Amino acid sequence: MFNVTTKTMQWGEETLTLETGKVARQADGTVIATLGETSVMANVTYAREQKPGQDFFPLTVHYQEKYYAAGKIPGGFFKREARPTEKETLTARLIDRPIRPLFVPGFKNEVLVMCTVLSHDLVNDPDIVAMIAASAALTISGVPFMGPIAGARVGYEDGEYILNPTVDDMQDLRLNPEQRLDLVVAGTKDAVMMVESEAYELTEEEMLGAVTFAHEQIQPVIDLIVSLAEETAKEPFDFTPPDYSDLYAAVKAAGEEKMRAAYAISDKQERVAAVGAAKEEIIASLTEEQQEDGNLGSALKKLESVVLRGDVVKNGRRIDGRALDQVRAIECQTGLLPRTHGSALFTRGETQGLVVTTLGTGDDEQFIDALHGNFKSNFLLHYNFPPYSVGEVGRVGSPGRREIGHGKLAWRALQAVLPAPTDFPYTIRVVSEITESNGSSSMASVCGGSLSMMDAGVPLKAPVAGVAMGLVLEEDGSYGILTDILGDEDHLGDMDFKVAGTEAGITSLQMDIKVAGITPEIMKNALAQAKAGRLHILGEMAKSLTEASEFSQHAPRIETMQVPTDKIREVIGSGGKVIREIVEVSGAKVDINDDGVIKIASANGEAIQKAYDMIHAIVAEPEEGAVYTGKVVKIVDFGAFVNFFGKRDGLVHVSQIENRRLNHPSDVLKEGQEVKVKLLGFDDRGKVRLSMKVVDQETGEEIVAEKKEAE
């Protein structure tokens, strides 16, 4: 019944297996990839005809982690997988980015790639396995795909690169100072196509070395996919790239000068209007047959690309008149929103971000339910890109894949410089509102986020800045590297290369390459040029932070105290009774973890002190020989019980009440009476022994021996 083909190899410390022919046989291509005991199934289907009038490539990538893969049942009311999590969205983008440029130009049939995590060993991250499975499924499906690709994750510890470090090693790099890198690289046999990383101030040489190491390590995986395809690949889809050379010649003749004049306008809004008008004039000058040609959009885009790119390599000029390595004018302002905890407005040319920081307590941490376990995050970064930022009308709703991806890039860049939670026990939420956009808005979020957190009083290890780089690579090998690219330069260039970091090194690197031929030398030069741009931006940012910002008066204060773990139950009380009383009486928030660390939070310092004193009274031990003020709570024939230390009671024996014989303790005491007592010690059973007669009941001072003898 089944015609199963399996290919296996040793990859690093694990075994990698590719299998096809048993499951989902009606899909155009299905491969189950397994690394260790982590398995991902990738399914590829594609339409045999292009939709009429479609002028873009409709590729859709879905990635889903099934809870059963790790032996778990989903939470929530419905107990089933619902909308994609942030991890699933980011992984789908991770797969999409390297495969999209490898489809044959002109192919616009709908393609669907679905990756499903079937098994997770909690050691090997399924995102790399999914990328390999998707590449293999595309390669055997017959779709016009110029792959295969493969991906690998690289760590960096003690000066050594590590292939595919475990999930635990990568879980929270901020708390694991030995592990300084989480880098994912995808590429073909000959070229790197995509880089995504989180780093801890690594040098340009160390980052480039990691990329090179990863590209070397994926070579045997690509060979394994090719070996699988040689035996199982379907007949290639009969597709011939459209020849629109005659149409392009007509478009070029009709409007090259108009398009060149339009792109010479430096103001974005005016340029967009002029480019649109030039296109309308070009279309109007064409024949009716040419106007109805489905490749007209491609011909116009090619003309734009030629005009935009021509001056970059030949003359070193860009559409806004800047030099290739020149950063746009920068303006920074902090503290502009009075009631927020921290705020910054970062403007670079026609790109602007209003970034706001809010400080919260442990109750505000984000709870993340993942396949490899549940955990909390105390640093959140949310990126919003409303339509008005580019002068358009559009949908407003929940964040899309792009917003989630850009927010995560900025998160990676900034979290490397955050203080340790033990030093700064706050939850930090940064929100970047992109108010204007003309390229590299994610890097504006990095710069604005750094300024905003410092304005809020967050003790960052160092300021962070980011810059977006571009590349124009001609067929003869000549190239131009662009610093701080515009939106048009991003769309029509050959590489999008975002670098963020401090003066000391890189904290985040993201690279998407659209063409082959990007050599290590080009990447090295691009990183060097990016460093110069980053240092320039850091210098501009420093002008707005002449002195350390004070902690916002509107932010909660957090006091941390450590209690013995065996005292935690006493602080919480039966059914939470004690801790609820502390919160109600003091007005402060109280958070206790299993290690005995208690965080007390309030904007009111008196509330914090009240809660601190109440907790201290519960967990502190009375000191032998010390004098305390107490209250009589019960009188018995042999003495009186006095509450003297929080909830702790002790016995004052009738012989320790006064220096004379009493018939009954009630002769001098009554319940509710305030008295001064000295802790004499503890009896054999641990019971507290108190004395009143050795303490002056008026002053609270201990009666010295001489005075007692005189009496």
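Each Cβ is built from the backbone N, Cα and C atoms, and glycine gets one as well.
For Asp490, Asp496, the entry in Swiss-Prot reads Mg(2+) binding site. Under the heading domain 'KH', Swiss-Prot lists 556-615, citing sequence analysis as support. Here Swiss-Prot flags 625-693 as domain 'S1 motif', drawing on sequence analysis.
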What count of other C-beta atoms do you get within 10 angstroms of the C-beta of Asp496 (Mg(2+) binding site), across all chains shown?
-> 21
Asp496 (Mg(2+) binding site): secondary structure state under DSSP, collapsed to three categories | strand
Which numbers of helix, strand and coil residues does DSSP report for the domain 'KH' (556-615)?
-> 32 helix, 16 strand, 12 coil
List the helix, strand and coil residue totals of the domain 'S1 motif' (625-693) as derived from DSSP.
-> 6 helix, 36 strand, 27 coil
Per DSSP (three-state), Asp490 (Mg(2+) binding site) is helix
